[in-house]
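Enquirer: So TrEMBL lists the following for this protein:
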- 12-34: transmembrane segment (TRANSMEM)
- 64-87: transmembrane segment (TRANSMEM)
- 99-122: transmembrane segment (TRANSMEM)
- 142-163: transmembrane segment (TRANSMEM)
- 172-190: transmembrane segment (TRANSMEM)
- 196-214: transmembrane segment (TRANSMEM)
């Protein structure tokens, strides 16, 4: 049960739905700028391939992509805040799982935001050493892979609350638990393409949850 007035409840559902959709669209849309000039190499690519990747980036497009990614992360923070508020009321008085979900999501954002790719891309015209390019590439990927653990923790905690309450349909809870388990496991094989499946599953869950919240908002208004 969510002890809120209908207007406040609709505002909460609107925030979750809009922020979740915006975060997904911005984060994946940013890849269109970042990948302009060719797809990124595999995580275990050699130094020459990595330098070629940075050499073929347009500094303006890459910076635009990085900025759009930051906007996506900010939108994800709003999504986190909304989900935390929604879950917290179903857990009271001891809302510890929703707190874990919120902290895990914030850790994900703070980890992803530390990538050094943009620094490497804007220094290409000054002459980028292949080993430094490889270091920036590897550090960015390592931080990204490490962030899956935090994202998985968020999904697991959120799924647990959903499954133990009636705040959302249980199928969304199971979806979150499966995606979260996959993200945590993916860190062990982070240099393989297997990570993409739980990562994509998580963001599809974000879309499904966002759509559900927007639909509930419409029905609540009616």
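Including glycine, each Cβ sits where the backbone N, Cα and C put it.
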Enquirer: Check for me, if you would, whether the transmembrane segment (142-163) reaches the transmembrane segment (12-34) - at least 3 Cβ pairs under 8 Å, residues 6 or more apart in sequence.
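Expert: Since fewer than 3 Cβ pairs under 8 Å link them, the transmembrane segment (142-163) and the transmembrane segment (12-34) do not come into contact.
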Enquirer: Which listed range (12-34, 99-122, 196-214) shows the maximal number of Cβ pairs under 8 Å with respect to the transmembrane segment (64-87)?
Expert: 12-34
Enquirer: Where else in the chain does the transmembrane segment (12-34) make close Cβ contacts, counting only residues six or more beyond its ends and a cut-off under 8 Å?
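Expert: Counting only partners 6 or more residues beyond its ends, the transmembrane segment (12-34) has Cβ contacts under 8 Å with 4, 40, 57, 61-62, 64-66, 68-69, 71-73, 75-76, 78-79, 81-83, 85-86, 117, 203, 206-207, 209-214, 216-217, 220.
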